[in-house]
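Before any comments, here is the structure.
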């Protein structure tokens, strides 16, 4: 009989804010908020330390709301590169316990410690050791969810380890019926707000209710996604802890929320679509791939009454040429846009293949067009993202300069 796996989900408490407090001792006893743009009160709270959360501050809320609840809070601009560096330091610590470490996000990592127990002790002993190492060396408090698979480890961390005194909780096939099944279905790993709403309308309010729901009905309604939801609710997850989670990438995309409502295509929207197309194609070229399916997404400015679309088109041949992708994006957008103000745009390139060879085209100098993109990439990689830039990005609608100062949409 195969030995049951032991999987950890290690999560850093209020990661961005905790890093700032660890590196600035004078902030130790003060509430700290990390916000995307502290100069703009409409900015979003990216992280709030426990002292700020005690005053009612929550992540993803507007900064002005957070400051009303906690006016004494110290508001800091994020340092994304520093957080990435610290995250890598934490990964290095975890890799001393096992070589099976999978970053799930910048502040969460899965570990498979099944084969590590003879060296480092019981799962509880290993979890406590990891907590101590990270606190001593990084100054950040880690919580650990333990389970026989990734799904249960994640649920154990999110719903129990984050709330109990020692920051460690084990969820098993034996105790999940008493511990996990009574939880609201919205607290289950993989269930977002929209899915929660759909499940509630079907009479499913708890994880246990989802576990007991007829599988065939879930599959009929949501296909494979319905099957995965049912499996998770029943504590089933066969996905391994993978050290190469980026292998086999299916698509390359980029999106952004605009700083204001964009209403005019020629003066505003097309500038951002061109910038997004260029970013996607640059990343594709750096990855050595081309794509044959182009998609564009748009979200309207009214968040109370969501509008928008997500449409795609298959090209005649794979490409990573900015102009090819932009032309497809432009046609798609103009076909499906309802003319209303836009607040978010996205461009995606999928059905990827290697760029080693490409279909010869008798009517275009394809090699010349593709080489141009690689030359521009070389200049940017050597001298910076803004070393060479399109004239359209210099207009009021352009976002290229602003994005160049950020990582993942936030300041470096």
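Including glycine, each Cβ sits where the backbone N, Cα and C put it.
Here Swiss-Prot flags 108 as active site. The Mg(2+) binding site annotation in Swiss-Prot covers 11, 107. The domain 'UmuC' annotation in Swiss-Prot covers 7-192. Per Swiss-Prot, the feature site 'Substrate discrimination' maps to 16.
Overlay of Swiss-Prot annotations on the structure.
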residue	record	DSSP class
11	Mg(2+) binding site	strand
16	site 'Substrate discrimination'	helix
107	Mg(2+) binding site	coil
Other CB atoms, at most 10 A from the CB of residue 16 (site 'Substrate discrimination'): 27
Tertiary neighbours of residue 107 (Mg(2+) binding site) (same chain, Cβ under 8 Å, six or more apart): 11, 12, 15, 87
Rounded Cα-Cα span from residue 108 (active site) to residue 16 (site 'Substrate discrimination'), Å: 12
Recorded positions compared (11, 108) - the one with the fewest other Cβ atoms within 10 Å: 108
